[in-house]
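The 5-phospho-alpha-D-ribose 1-diphosphate binding site annotation in TrEMBL covers 103, 104, 107, 109, 129, 130, 131, 132, 133, 134, 135, 136, 137. Taken from TrEMBL, the feature domain 'Phosphoribosyltransferase' covers 116-165. Under the heading orotate binding site, TrEMBL lists 133, 161.
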């Protein structure tokens, strides 16, 4: 198994602020079924954070910081959770990075594309996700990018649930990093 790669140190104040915002606006307690089919006693509805004026900006900066040692020209992932994360990274200060969206299925009309936006063919790209449980959404995006001729240099997620995503993604030969874990949200052991 590949060694855990935590990436560069993040701005502690911004990371703490993001954790507080996620706890306040995105953590919902109660029985829920996750997209993976697993059940949990809480749900991290990260769209509440990724689409929030302050949290979204922090996410963009922190994901750029987290992946500052990786060389990539585009950022994106499986719609819908990855979309605001990718655009936050695209708009965060720093070098130009374009965004793309991986559809869940090919469009039946128009250009009939699976990947919209930045043309990933021949490009190094970062796959992002809002919350990782099993890694299934990120791996769907990784496979789509590879099939389109792109090179995935890594996967970065905002919140890792510590339920196997890191292992599954690394098993595919893709480096994996995250901004926040369950401990950061006061959910460890939940």
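For all residues, glycine too, the Cβ spot is worked out from N, Cα and C.
Just so you know, TrEMBL annotations never went through curation; they're auto-generated.
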(message) DSSP on the domain 'Phosphoribosyltransferase' (116-165): how many residues come out helix, how many strand, how many coil?
(response) 13 helix, 21 strand, 16 coil
(request) Around the Cβ of residue 137 (5-phospho-alpha-D-ribose 1-diphosphate binding site), how many other Cβ atoms lie within 10 Å? Please give the count over every shown protein chain. (result) 27
(request) For residue 129 (5-phospho-alpha-D-ribose 1-diphosphate binding site) and residue 161 (orotate binding site), determine the Cα separation and express it in whole Å. (result) 12
(message) Measuring Cα to Cα across 103, 104, 107, 109, 129, 130, 131, 132, 133, 134, 135, 136, 137, which the record gives as the 5-phospho-alpha-D-ribose 1-diphosphate binders, how far apart are the two most distant ones in Å?
(response) 32
(message) Using a 10 Å radius around each Cβ and all protein chains in view, which of these binding-site residues has the most neighbours: 131, 133?
(response) 131
(request) Would you count the other C-beta atoms found within 10 angstroms of the C-beta of residue 161 (orotate binding site) for me? (result) 23
(message) What does the structure give for the C-alpha distance between residue 103 (5-phospho-alpha-D-ribose 1-diphosphate binding site) and residue 161 (orotate binding site)? Integer Å is fine.
(response) 23
(message) Distance check, please: Cα of residue 137 (5-phospho-alpha-D-ribose 1-diphosphate binding site) against Cα of residue 161 (orotate binding site), rounded to an integer number of angstrom.
(response) 14
(message) Please report the Cα separation of residue 107 (5-phospho-alpha-D-ribose 1-diphosphate binding site) and residue 161 (orotate binding site) in Å, rounded to an integer.
(response) 31
(message) Counting Cβ atoms within 10 Å of each candidate's own Cβ, which of the binding-site residues 103, 107, 129, 135 comes out highest?
(response) 129
